[in-house]
Amino acid sequence: MPKVHLVDYVAGNVRSLVNAVGKLGYQVEWVKSPEDVKNAEVSNAEMDKLILPGVGHFGHCIAQLSNGGFLEPIREHIQSGKPFMGICVGLQVLCQGSAEAPGVEGLGLVPATLTRFKSSTKSVPHIGWNSAIYRKTSQGMPQTFYGLRPESKYYYVHSYAIPYKHDMLNSEWVVATAKYGEEEFVGALSRGNVFATQFHPEKSGPAGLRTLQAFLTGESGPVEYSPTLVRMEGLTRRIIACLDVRANDEGDLVVTKGDKYDVRQIDKGDGRRKVRNLGTPIDMARKYYRQGADEIVFLNITSFRNCPLADMPMLEILRRTAETVFVPLTIGGGIRDTVDADGTHISALDVASMYFKTGADKVSIGSDAVIAAEQYHASGKRLSGTTAIEMISSAYGNQAVVVSVDPRRVYVSCPNDTKHHTIWTEYPDHAGNQHCWYQCTIRGGREGRNLDVQQLIEAVEAMGAGEILLNCIDKDGASNGFDLELIKAAKSCSTIPIIASSGAGSPAHFGEVFERTTTDAALGAGMFHRGIYTIPEVKHYLQEKGLIVRELDHDYP
């Protein structure tokens with residue numbers, strides 16, 4: 001089996017990249033020292049390919065590579081003409097520097113400095129599926145560009161990018177760009193033996209696998225230009241499938257779904273209330289991947305607290321899912337400081353690290369985020385540096401941390417009756433009150449707290465969260481549409497992406513939430529699990545409404 005070298009340093013979820021390379025028929029050989037890079041240079045032709053993955057902070061990445069002695073060997077590998085691929089921060093390292101880490105120098109091969117996206121008109125980080133459309137070189141159209149297609153979509157997750165300026169790079173580099181709002185940036189570039197992507201090919205489904213295959217084989221066919229296809233460039237509307245996972249009454253791990261967070265129903269056989277069993281997590285995740293889910297979320301709703309950490313069932317679910325599912329995977333539940341069965345204290349960062357190494361791209365934090373937000377406001381809005389959000393985002397980047405919030409409506413007769421942020425609602429309670437606030441809860445919605453959604457968002461943004469998974473207890477299991485008023489209220493105070501959750505019962509509900517709010521993504525569960533509607537049906541409905549969605553590349557595995 002041919003081999004490819006991967007630089008081994010702290011770079012988030014590299015398991016998915018290893019799995020993608022393996023699926024394409026290659027074996028990973030880890031580069032653990034500078035000498036290993038040099039060995040790659042003198043190896044035979046099928047072993048000289050070097051991939052530099054990376055997520056998170058530019059300065060942290062440069063420091064890790066510098067402290068490990070990798071920077072100069074990587075530069076020498078590139079200068080020797082051997083194939084090199086950089087992914088995400090692996091692309092950014094090639095630049096002169098980044099506004100994310102002023103004064104920190106990159107390799108300087110790309111004459112550009114990364115800047116942060118403007119958050120005044122859109123959410124930052126830029127998370128989701130976007131284009132990578134090549135631009136003309138000064139000599140005309142490029143002849144090869146690693147399998148990129150203008151109609152395909154690729155998965156991006158970043159806050160900093162190379163701003164694209166015509167002819168700034170084109171004299172030396174072949175460039176593919178994407179647009180986020182009013183900003184155009186470099187999505188991929190190549191020159192000679194160097195290829196780098198801002199997106200993650202290993203998380204970009206069949207389109208990403210095709211790009212990886214092109215690099216590994218060196219077979220990049222002629223690029224075809226189609227103005228019709230390019231018209232659909234830009235960020236898509238993300239459709240996320242969510243799997244609530246827990247042990248059923250027989251001890252098996254199953255996907256379930258609640259009604260107002262109650263996951264039990266009357267068994268027709270013996271009349272007992274049993275956990276709803278809607279299928280096995282791995283099989284359902286694979287099904288949704290094949291259907292075109294843009295992301296998959298596993299919410300571990302019982303956290304399996306009695307299991308030794310290294311043997312947690314969710315680790316095995318993640319490991320097996322990541323072998324064949326090449327879209328982003330999020331895991332929630334149990335991301336907290338804990339004590340293992342043998343008495344060993346394990347930090348939330350260690351728990352998250354284990355998930356990342358197993359195949360997760362993001363971790364979702366729920367109740368602990370609410371408690372941390374309360375402490376943040378009680379301390380005069382001072383950061384402690386010790387919360388799970390701060391520790392994980394510092395090590396792996398903001399985009400690796402999702403905060404999942406479970407709010408419920410609390411009605412008041414007028415806004416002055418509470419100190420919390422209220423909204424006027426067109427849906428009064430039984431007493432006719434038309435003002436309410438959204439109370440954060442913990443313990444699966446069983447305990448309300450003196451904290452509203454807006455206060456939570458302010459706190460977790462300051463701590464470093466990269467995304468909000470916005471549930472709604474009042475809408476859970478109702479299948480009558482998302483709580484648009486809640487989503488609008490959350491978006492009005494947030495600069496990070498919001499995922500709308502709870503209430504989806506039909507494709508029309510997805511169309512409604514995207515057309516009537518500025519939500520960044522929408523999540524479905526029960527309607528997919530029960531087979532009432534499929535993900536392709538939702539996407540087809542959105543396309544008919546003129547909204548951009550990711551379509552599957554059916555000509556590639």
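In case you wondered, yes, glycine gets a Cβ from its N, Cα and C as well.
Sequence annotations record features per position, and here TrEMBL assigns active site, for GATase activity to Cys88, His200, Glu202. Feature annotation from TrEMBL assigns active site to Asp244, Asp406. Among the features that TrEMBL reports, L-glutamine binding site is placed at Cys88. Summarising the annotation, TrEMBL assigns substrate binding site to Gly334, Asn471. The domain 'Glutamine amidotransferase' annotation in TrEMBL covers 6-215.
Recorded features from TrEMBL, shown on the structure.
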residue : record                           : DSSP (3 states)
Cys88   : active site, for GATase activity : coil
His200  : active site, for GATase activity : coil
Asp244  : active site                      : strand
Gly334  : substrate binding site           : coil
Asp406  : active site                      : strand
Asn471  : substrate binding site           : coil
Practice problem: Ten-angstrom check, please: count other Cβ atoms within 10 Å of the Cβ of His200 (active site, for GATase activity), all chains counted. | Solution: 27
Self-check item: Spatial neighbours of Asp406 (active site) among the recorded positions Cys88, His200, Glu202, Asp244, Gly334 [C-alpha, 10 Å]
Solution: none
Exercise. Measure from the Cα of Gly334 (substrate binding site) to the Cα of every one of the active-site residues Cys88, Glu202, Asp244, then give the nearest.
Key: Asp244
Practice problem: Could you state the whole-number distance in Å separating the C-alpha atoms of Glu202 (active site, for GATase activity) and Cys88 (active site, for GATase activity)? | Solution: 11
Quiz item: Using Cα-Cα distances with a 10 Å cut-off, which of the recorded positions Cys88, Asp244, Asn471 are near His200 (active site, for GATase activity)?
Solution: Cys88
Quiz item: Name the residues of the same chain, 6+ apart in sequence, whose Cβ is under 8 Å from the Cβ of Asn471 (substrate binding site)?
Solution: Ser404, Val405, Asp406, Pro407, Ser501, Ser502
Quiz item: How many other Cβ atoms are found within 10 Å of the Cβ atom of Gly334 (substrate binding site), counting all protein chains shown?
Solution: 23
